[in-house]
C-alpha cells in the first residue's frame, strides 16, 4: 500500500469526517508553506503569477491593437474601391416609394441573420444579454459582407465575443450554428427551386433541366436527412478537430430552417423591389440562390462581378441590362455599404467599452 504524503494525512481517527491538513512543523515549515503557495498559484522561481498575468494582458492589448489597425486598413481599402459617384447617380434614379420598402426589408434581413446568434446563444449556453448578442451579430455580418468571412464572420465575431467574456469553445459553437443555419435553409430553397424548374440555366453552362432537377431533389434529400438526424439520431455528440458539438433537437433545427428561409426570401424581395417591372419573386429567389453559391465559390467578398453576371445571364431576357445593373448597384449600396456606417460605429464603441463581465453559464 502506498503511503499518503504527510500534508494529506488525516487526523480524525478514521471516523469519515473531513480533516484539516496537518500543520507543517520544524525549522523549514515557513519555507515549505511558501513553496506550496507558489506551486498552487502556478508560480515559478523568479516569475510570480501577477507578472505573468501582466505580460499576458500586454500581449492581448498588442494583438488587439494590430487587429483593429488591420480592420481599419481593410475598411479604408474597401471604401476607396467604391465608385461613389456611380452609386449616388444610381440611387437618385429611385424615388422614396421604392427605396423606403427596400430599406425596411434590409433592416428585416439583418435582424433575421443576427438572430442566428440568438440560436447560438442557446446552443452555447451563455448568458450575454440578447441585445448585446444582436449587436455583435449585426456588426459581424456587415463586416462579413464587405471584408469576407475570415475577417468579418470569424475575426470580428471572435474579437467582440472574447471581449464580452465568452470562451473560445462557446464562440466556435455560436459561429458554427450561424453557418449551419444559413446554409441549411439555402439547401431547402435551392433544392425546391431546382426541383420545380423555376430557373433554367443557359445550355452553354452544361446543365440540362433534367440534371438540374435531379440535383434539386438531392439537395432536398440532404435537407431532410439533417432534420431526420436531429429528430432520431442516438449519437448526439460529435468531435471535430478537438471541438465537441452536440446535434440539436428537431425543434431547434426547425427554428434554424425558419430563420434561414425567411432571410433568403427577404433578400430576394429587396432585389425584386429595386427591379423594374414585375419579375416573379420565385424567379428572383432562384437567381439569388445560384448567384450566391457562385459568389461563395469564387471567395470574392460580396461576389463582386460574379453575381452581376449571373443576373444578366438569367434575367437579361426579362429586364434590360442597364436596369438590372442599376438595381444591383442600388442593392449593394444599401445592403452592403450603408450598414457599414453603424457597424463601424458599433465596433469601435464595443472595443472602447472593453471587456465587461458577461453572465456566463448554463441558461435556465
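Just so it is clear, glycine is given a Cβ too, placed from its N, Cα and C backbone atoms.
What TrEMBL annotates here:
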type     : residues : note
REGION   : 1-32     : region 'Disordered'
TRANSMEM : 58-79    : transmembrane segment
TRANSMEM : 131-154  : transmembrane segment
TRANSMEM : 183-200  : transmembrane segment
TRANSMEM : 212-231  : transmembrane segment
TRANSMEM : 252-275  : transmembrane segment
TRANSMEM : 281-314  : transmembrane segment
TRANSMEM : 326-350  : transmembrane segment
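Contact counts against the transmembrane segment (183-200), taken as Cβ pairs under 8 Å, peak for 252-275 among the stretches 131-154, 252-275, 326-350. Beyond the ends of the transmembrane segment (212-231), by six or more residues, the same chain brings 184, 187-188, 190-197, 200-201, 247-250, 252-254, 257 to within a C-beta distance below 8 angstroms of the stretch.
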